[in-house]
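To start, the structure under review is shown below, and the notes come after it.
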Amino acid sequence: MDSSTSLLPPLGSIILACEGLTSLVPLILSVMVCLIATVTISPTLLAYFNDPFELRAYPGPFLARFTSAWISWIISQNRWSETVDLMHRQHGPIVRLSPDHVSVASPAAFAAVYGHSSGALKAPFYNAFANFKIRSIFNTRDRAEHSRKRRVEAHMFSPRSIRALEDTARVHFQVLVRQWDALCAPTGKTVRGSAEGTLGTISWKVHGDRVWFDCMPWFNFWSFDTISDLAFGRPFGMLEAAKGSAHVSKSNTKSVQAVSQDTSHSNEAQSELLEIPAMEVLSELLDFTVALAYLPAWVQPVFGRLPMFRDGYDAAPKLANLSLTAVANRVASQTDRADMLSELLRGRDEEGKPYGLEELSTEAELLIIAGGDTTANTSCATAYYIARDLQIQAKLQAELDVALDGVESDVAPYDAVKDLPYLDAVINEGLRLHSTIGAGLPRVVPSGGMTVLGQHLKEGTVVSSPIYTLHRNEAVWGKNAYEFYPERWLEASADAKKEMMQSFAPFSVGPRACLGRSLALQQLHILLATIFHRYSLVLENNAPAQLPLRDGFARKPMKCIVGVQRRK
């Protein structure tokens, strides 16, 4: 026998050793589980019993005392705004949402948290929205950085700049009208009023004298095409194709090369394109981001790889690529066309510095998110309410018929409809019940603390005030606060109207209020005036009593089937 071989342990000894280790596996696993539980639970229990922010006295869900996972679960179930509102109705104006977070619901509280005099900064929640290393004007938590960006970008959304883009936006209203006219055409040609088919990805069916289809995708097609044209000089082409897709470069690298203005690479960057379902990508990313945003930072990457979050996790690089491709296309065109990106390219901060590549891209991504989804959501919800109540629709159409009498264009001119009292009331009521974001966005109480509703909140406490609940305060809006009633804006006394306006914040308030307010209001006026002057809309007989929503970050309608007919 070889001497080296004799040094090896006998085979039987090895087998016995392995069997011994195998018998220890349950014990090892038990120890690991205990260690993980200790690491996870101990800080939770310590925070609860130590109560560093002195929030134990405030009511709220039992689990919210121990962990932020409660609110993440509610968000993942698409019940964010409505659940927090229910908590306030049950427990009062101050509700605890997590170990360090309280929600405060009143007009005074909203102003205290978000107003110009508030020293509160955005919470770590916003870190989850960072898809680039450089933050956007929305997700930056640094006050000085936000001020710098606001100075650069404010002119882009000024009323004068928005008016200059009206003719560009009009093109997409015209395409929407043309497509809806095409859908309505079979109603006059069918035998016994029945036919069905598809236009792009949209199924339609004629029943009686109306064509029935889901209008929600159309509002998204319109908003995505509008913002991509206004921002980057060309539409995504969703309206024409009736399809929620966009084309991106097959690699971020090629988009970056084009944006860097190295023209030797620009053709290469445009040659290999990939079609992505942009509307789905945006929805998946927002749902994923908000569901994880309240969890500890170290947990987020782990949860992001779970099967239930996989689509959202994969959506982040796709949306980044979409913004990079949009910027690349615009820069490679070398046009002097006036649009939002040209404003960003010309913009300079107080030191005379322009935006760099990554900063352009992160702001472009924000334009796609804000412009592609938010106005579409409010438009669809408002159309749902109008289609549900034919008396409201008749009043609106009577006002529009007078205002647009003699107007030859298929699209309502903004100047003709911007000051119509009943249209204004309808839009305000739509924004009240379906503001872009219903949940309270979190802020961190600054040094020295903050007093809200007579209660002192310690420095570092996270505080939010929900728009959804603010807009349904019965003390301000009356017993019918949960109902769509445009007349409330016309019937209120001067004092009541003043109180209503103090409790009306669809675009938030203060230094972090939405810069796109003027654009959104212009688009809502033109869209709703154009649609309801040209068409009659009704809901199905078995339509749900409430519009089905994905109530996560944005309150997104899931579906809205309407019966559409051209008006005589």
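For all residues, glycine too, the Cβ spot is worked out from N, Cα and C.
Per Swiss-Prot, these features apply:
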BINDING   CYS514  heme binding site
CARBOHYD  ASN321  N-linked glycosylation site
CARBOHYD  ASN377  N-linked glycosylation site
TRANSMEM  21-41  transmembrane segment
In whole Å, how far is CYS514 (heme binding site) from ASN377 (N-linked glycosylation site) when you measure between their Cα atoms? 16
I need the CA-to-CA distance for CYS514 (heme binding site) versus ASN321 (N-linked glycosylation site), whole Å please. 25
Candidate with sparsest Cβ neighbourhood (10 Å radius) among ASN377, CYS514, the listed recorded positions: CYS514
Can you check what DSSP calls CYS514 (heme binding site), collapsed to helix, strand or coil? coil
Once the chains shown are all counted, how many other Cβ atoms turn up within 10 Å of the Cβ of ASN321 (N-linked glycosylation site)? 23
